[in-house]
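Listed features, source TrEMBL:
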| type | residues | note |
| --- | --- | --- |
| BINDING | R106, L112, N288, R384 | substrate binding site |
| BINDING | C443 | heme binding site |
Amino acid sequence: MLLVALTTLLVTLALLWALYFRRRRLPNEPPLDHGAVPWLGHSIEFGRDAAKFLSKMKQKHGDIFTVQAAGKFVTVLLDPHSYDAVVLESSNKLDFNKYARLLMERMFDVRLPDYDPAVEKAMMKSHLQNKSLHMLTKAMFSNLNTVLLHDREKLSTEWKEEGLFAFAYSVMLRAGYLTLYGNESAHDNNPLLQTKDLEHSAEVYNEFYQLEQLLMKLARSMLSTEEKKEATRIKKHLWELLSVGRLNAKVNRSSWLEGYQRHLEELGVDNVMQSKALLLQLWATQGNAGPAAFWLLLFLLKHPDAMAAVHAELERVFRSKGQMLPETEAIKQEVLDSAHVFDSVLSETLRLTGAPFITREVLEDMPLKLADDGREYSLRKGDRILLFPYLSPQMDSEVYEDPEKFKYDRFLNADHTKKEDFYKGGKKLKYYNMPWGAGNNMCVGKLHAINSIKQFVFILLTNFDLELKDPDEKIPSFDTSRYGFGMLQPRSDIKIRYKQKKRVK
Ligand code: HEM
């Protein structure tokens, strides 16, 4: 009895102490919401379903507010007209790297010596864009052909069943991995040698996919002891598969891999840490494209008008540029660039399913001026600022009519050019769709990702008949723990049937 009374007293005192000393909102600061639990604040709700939680907070406080989560104060800005004030601010005031480094270490055990992230970014850009893009597109086409058209498992003129997510993610990751990290041997379309690539890339995918299941908990330090052991086991296996020795023995290594390895060597990073960094890069470069391809195919399968429009465009653009897809060795960039219906389908898919956070650490007390009505707020040193474009503009009913609906031609003008004028509050938006991030957070692999997804879908639709096993099955709901980490993933897979098309000779 005495013990209960004593515990109650102590808890009450602790709560009173926490209430008395807790942070108070200062003049000009955004509305402050501590949450019910001292220190932890809103962290549980936030991690469980950030979109739901932040929508609720937006309704309560408007488009700027500060919430407490796991001891940290996070100011959330949801006015897309004002995003430039964050994404274009100097890194001396709003730092992008501190939090990224924390996650790198927590998720992938990567600790790199001090380096200039701007230099790394420029290096990555030079190997993923401009002249390098053409080489990547060609290699991706060849590797997609290997994975899709030389795998006996997939080649059948009888219907085969598989989960669409597993299908799309594995094809994209395996082909994307072979493109960036290299082939097991030069195969020149020799089926025996292609088998090596098929087996090795399947092993990398299978291990990576298992790790994927644990990554969100890993990022939030919420793994159980058993899960921690499992994550360590998988990572060790992947580090072996991506060891410097194995990678150096590959052929057709991309200039991106050469450039990144050189960069790590110049920093004095040892071989063990290099394979850890290469696993982190496998996630950064391959973690989004497969899920994006999954959602795109699912929306096409669920919307026959969209599928018909994509098929018609596919025929039209290849014919007009004098290419025949089944016979070609590479798809011309001009063919890829002229698929405007596909571009709209992809933008619409990413609007609905691309949900990265854009975060910065506040390095000094500073003002934040909003664009529309000149409101000015104070940001506090040590806090974090967060933009969540998924809520606004992407799912904002003021910007998009029926924002929850898939409309394949939403990003097309009547003359089939790209539609870029979207409005909020009567003012044209600079940022109307941000699945690729913005400013310093902008994805450096965007053009390669778009080319890769297009090539995958074109090869697939040309060579296979594809349908949902049960056309009435509902689109699966999101795994809500993934908000903030890029492309969303479904809570469960959905079955498709596919068979190789019979060629008319
Ligand atoms: C649909 C596919 C993709 C989407 C939606 C996407 C989106 C993003 C986003 C939002 C970021 C910023 C993350 C952050 O700063 O917090 C990012 C970063 C990055 N992306 Fe992508 N990405 C995709 C595919 C790719 C591909 C295929 C590659 C490379 C081959 C790639 C390479 C990278 C790299 C290297 C970074 C890190 C850049 C840095 O260090 O600043 N991405 N991506």
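We count from 1, first residue shown onward.
Positions of Cβ are set from backbone N, Cα and C atoms, glycine also.
Because TrEMBL annotations are produced automatically, they should be read as predictions rather than curated entries.
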CB contacts for R106 (substrate binding site) [other CB atoms within 10 A, all chains]: 13
Binding-site residues near ligand 1 among R106, L112, N288, R384, C443 (Cβ under 6 Å): N288, C443
Cα distance (Å, whole number) from C443 (heme binding site) to R106 (substrate binding site): 21
Under 8 Å by Cβ from the residue listed as 'heme binding site', counting only residues of that chain that are 6 or more apart: N288, W436, G437, A449
Where R106 (substrate binding site) sits in the secondary structure, as DSSP reduces it to three classes: helix
Spatial neighbours of L112 (substrate binding site) that are distant in sequence (at least 6 apart) but have CB under 8 A: M104, L264, L267, V269, M273, A277
